[in-house]
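The feature domain 'NADH:quinone oxidoreductase/Mrp antiporter transmembrane' is assigned by TrEMBL to 23-288. The domain 'NADH dehydrogenase subunit 2 C-terminal' feature in TrEMBL is assigned to 290-343. Look at TrEMBL and you will find 1-23 tagged as signal peptide. According to TrEMBL, the feature transmembrane segment maps to 59-79, 91-115, 152-171, 178-196, 202-219, 240-261, 281-304, 325-343.
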């Protein structure tokens with residue numbers, strides 16, 4: 001892709017995100033979401049592969065539908081209450097439609113169907129944007145309207161997302177699809193707590209984005225897209241693979257690592273809200289995700305490649321990103337001891 005065009009699309013992405021996250025009016029928020037959608041489409045389809053074109057088409061159709069529902073929700077609320085302010089969403093039908101629109105934007109169950117296919121058709125760097133930056137504006141709208149949404153509906157969607165994200169990721173061999181189902185499962189954890197402690201949802205999203213960025217950049221550096229290719233990378237970059245191993249375990253939420261922090265705080269808050277059964281169910285469902293994270297970690301470090309392999313080993317890695325990966329993986333594994341400082345800052 002032309003560097004000038006890539007620069008324009010990147011600036012448009014940042015602009016759309018900034019407009020949505022800083023707006024108080026529904027029309028401005030909708031305009032920012034549309035700018036985001038139009039800016040990411042060329043980045044998804046830049047390889048001109050049929051799968052990439054298909055992914056861009058699916059993404060456009062789903063996001064356009066979600067934006068239409070969001071605009072319809074805000075117009076319905078304005079019709080009944082005369083308010084266009086995002087925080088003044090009070091009409092129950094508008095709240096229900098908005099929940100559906102944001103769930104479709106994020107990829108929550110039952111509107112999850114597009115996300116694994118789009119992520120599979122996109123390059124790793126674009127997949128990173130889809131999994132992190134593109135979810136920030138809808139999460140912000142969720143945060144601003146959390147007091148108006150139905151907690152029971154959000155809890156049901158969250159538990160279903162955690163269940164389906166863990167269950168569907170078990171039998172996958174494509175790394176991008178595994179990370180897509182991982183994202184769906186993490187969104188379940190963010191959604192279940194947003195009605196009770198919205199700041200905790202943002203903290204979870206920030207830590208998830210940190211760990212996912214480290215994972216995507218490491219995979220992009222070693223050019224691994226499938227589990228069978230991942231098995232051959234230990235002989236190429238052992239130190240990077242060891243750090244990828246720890247980052248994957250942190251994504252799974254194992255205790256000494258950073259990924260345990262949001263799960264710990266969410267379970268604690270759910271227990272305070274007399275939702276111990278929901279906390280127990282979503283904690284047990286996270287074991288499904290733990291299985292495929294351990295599978296990825298096993299392929300990354302514990303297996304050694306055979307001497308006769310059908311995969312081309314690419315011995316040259318992308319050197320400039322190694323410092324970034326080192327910083328991100330360090331943060332992804334070592335933030336738990338300073339959790340008393342992190343949570344008040346959020």
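Every residue gets a Cβ built from N, Cα and C, even glycine.
Because the structure is a prediction, the values reported are computed rather than measured.
Same-chain neighbours of the signal peptide (1-23): 29, 31-40, 42-43, 46, 86, 129, 133, 136-137, 140-141, counting only residues six or more beyond its ends whose CB sits under 8 Å from a CB of the stretch. Away from its own ends, the transmembrane segment (178-196) comes close to residues 106-109, 112, 115-116, 119-120, 127, 131, 135, 139, 142-143, 146-147, 149, 151, 154-155, 157-166, 168-169, 172, 204-205, 208, 212, 215-216, 251, 262-263, 266, 269-270, 273, 278, 282, 285-286, 288-289, 292-293, 296 of its chain (Cβ-Cβ under 8 Å, at least six residues beyond either end).
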